[in-house]
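*Asks:* Pasting a structure below so you can have a look.
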Amino acid sequence: MDTLQQKLFSKFLLVWFGQLISNIGSGLTAFTLGILVLQQTQSPTSYAMVIFCSFMPSLLLKPVGGVLADRFDRRLMMILGDAGSAFGLIFILAFVLMGSLEVWHIYVGASISSIFGALHNPAYKASVTDFVSEEKYTQASGLMQLASTSQFLVSPVLAGILITIMDIKYILVIDILSFFIAALLVVWVRSNRVVAEQAKLQNHHVEEQVKLSFWHELKEGMRTINANKGIVVLITLTSVLCFYIGFLQTLLAPMMLNFTDPKTYGISLSVCASGLLVSSLLISIFGGIKKHVATMTVCLVFVGLFYSLIGVSTNVYVIVVSGFLFFFALAFVQTSLEVLIRQNIDNTVQGRVWSLISVATQLGYPIAYVLSGVLAEHVFNPLLVEGGLLATSVGSIIGIGPGRGIGFMFIVFGILIAFLSFVTGRTKVIKELESNAVDEK
């Protein structure tokens, strides 16, 4: 049995490695296109729109992708998702080669890639349960976070170097190739879903499977979530956390590029993200988190603290250290959240449930993307310019001028994040999740 589990985990590692390569490629493109738009428009709102278009279509279509992940071969869904995402980049590349690239082309190409990401992500998320035993959930979650973080850890440094030595078209080609590498690796892996149970369903319940509608399966997923109040509370908590992280994601570049260059910003972003690398490696190697609720509660305080410190100064070193510690603490929060949810959901519905959870928890991101540019340009920045309302009070501490309003926004939001820890620590239904885990089938 141990040998079988080792073989399955090896297959998971192969799939994971492909996604690691793909994420690095995606990070190269995201960084390069984002900087390009920001330099051309000088608008945080336009920069945020690139992120919005890269995110929102996938978010809206994730429930459909989740149903497909439960209905069909998750391997096939991942392959189609990777191939379709590459097509979105080919769309942008075509206009680059014609010398007529405009901002709206980037919006469209990013949206196309995001649409196909809705096929890929739920299948990838749910496939963990196919390959990994419950004892290795924490390690798998740490590795998945590591792969996700690679686009912030490795990509910015590479992009900062590559944009000085090559044209954007070559960076797009690298990303396109990374998608196909990921797809080819998935081809080599055969999903280990419970074949016997699937055969029974196909032989004895074919008509029921055909009649089963997407809406029926989505409703089943929603019933699974609503039946557990602890999961509902965790989803709400995560959505609020994602809301604040969305502001950091869209406004860190506009803030830092006021006092540094893109290359320095890229290096800074990578060093900050290395905090998540270090903690994810610790989690994946030792898998030592036992008290997930307590870990999540304590680490949320530090997440909020270091979020605030990112906005306190224009000193790059202060920002980098604060960002590193922010990501370090965030990995423990994310892992605890994911394991608590995964342990309380049966594998047979994980595809649709994870897709619904992703939509619900990540709703905070698009809201932040829409509001970030407006709040930065029209609310917070005017407060901390010469003669601004807070120029002589808050400005005397954190400074005034371009980007200081964004820094003040980070300080305020960090305090609000820390407040979430008190809500978590006092919620009974969250504590009960650790003792009510679903048994492995």
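Placement of Cβ uses the backbone N, Cα and C atoms for every residue, glycine included.
Pulled these from TrEMBL:
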DOMAIN    11-429  domain 'Major facilitator superfamily (MFS) profile'
TRANSMEM  12-38  transmembrane segment
TRANSMEM  44-64  transmembrane segment
TRANSMEM  76-98  transmembrane segment
TRANSMEM  104-123  transmembrane segment
TRANSMEM  143-164  transmembrane segment
TRANSMEM  170-189  transmembrane segment
TRANSMEM  231-253  transmembrane segment
TRANSMEM  265-286  transmembrane segment
TRANSMEM  293-310  transmembrane segment
TRANSMEM  316-341  transmembrane segment
TRANSMEM  353-376  transmembrane segment
TRANSMEM  396-423  transmembrane segment
*Asks:* Return the stretch with the most CB pairs under 8 A relative to the transmembrane segment (231-253), choosing among 12-38, 76-98, 316-341, 396-423.
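*Replies:* The stretch with the most contacts is 396-423.
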*Asks:* Hey, which of 44-64, 170-189, 316-341, 396-423 has the most Cβ-Cβ pairs under 8 Å against the transmembrane segment (76-98)?
*Replies:* 170-189
*Asks:* Same chain only, please: residues at least 6 beyond the ends of the transmembrane segment (316-341) with a C-beta under 8 Å from a C-beta of the stretch. Say none if there are none.
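*Replies:* Distal contacts: 137-138, 141-142, 145, 149, 230-231, 234, 237-238, 241, 245, 256, 259-260, 264, 268-269, 271-276, 278-280, 283, 289, 292-293, 295-296, 299-300, 302-303, 306-307, 309-310, 357, 430, 433-434.
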*Asks:* So, taking each listed stretch (143-164, 293-310, 396-423) in turn and counting its Cβ pairs to the transmembrane segment (265-286) that are under 8 angstroms, which one gives the highest count?
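*Replies:* The stretch with the most contacts is 143-164.
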*Asks:* Taking contact to mean 3 or more CB pairs closer than 8 A (sequence separation of 6 or more), are the transmembrane segment (396-423) and the transmembrane segment (293-310) in contact?
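*Replies:* Taking Cβ pairs at least 6 residues apart, the transmembrane segment (293-310) and the transmembrane segment (396-423) are in contact, with 3 or more under 8 Å.
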*Asks:* Can you tell me which of 12-38, 44-64, 143-164, 353-376 gets the most C-beta pairs within less than 8 Å of the transmembrane segment (170-189)?
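*Replies:* The stretch with the most contacts is 12-38.
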*Asks:* Would you report the average pLDDT that the model assigns to the domain 'Major facilitator superfamily (MFS) profile' (11-429)?
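*Replies:* Summarising the domain 'Major facilitator superfamily (MFS) profile' (11-429) by its mean pLDDT gives 82.
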*Asks:* Mind checking which residues of the chain, 6+ beyond the ends of the transmembrane segment (143-164), have their Cβ under 8 Å from one of its Cβ atoms?
*Replies:* 13, 16, 19-20, 23-28, 30-32, 35, 125, 128, 170-171, 262-267, 269-270, 272-274, 276-277, 280-281, 283-284, 327, 331, 334-335
*Asks:* Cβ under 8 Å, sequence separation of at least 6 from the ends of the transmembrane segment (12-38): give me the contacting residues as numbers and ranges.
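*Replies:* Answer is 44, 46-47, 50-51, 54, 78, 82, 85, 89, 92, 103, 106, 110, 124, 127-128, 131-132, 140, 143-144, 146-148, 150-152, 154-156, 158-160, 162-163, 168, 171-172, 174-179, 181-186, 188-189, 253-254, 257, 262, 265-266, 269.
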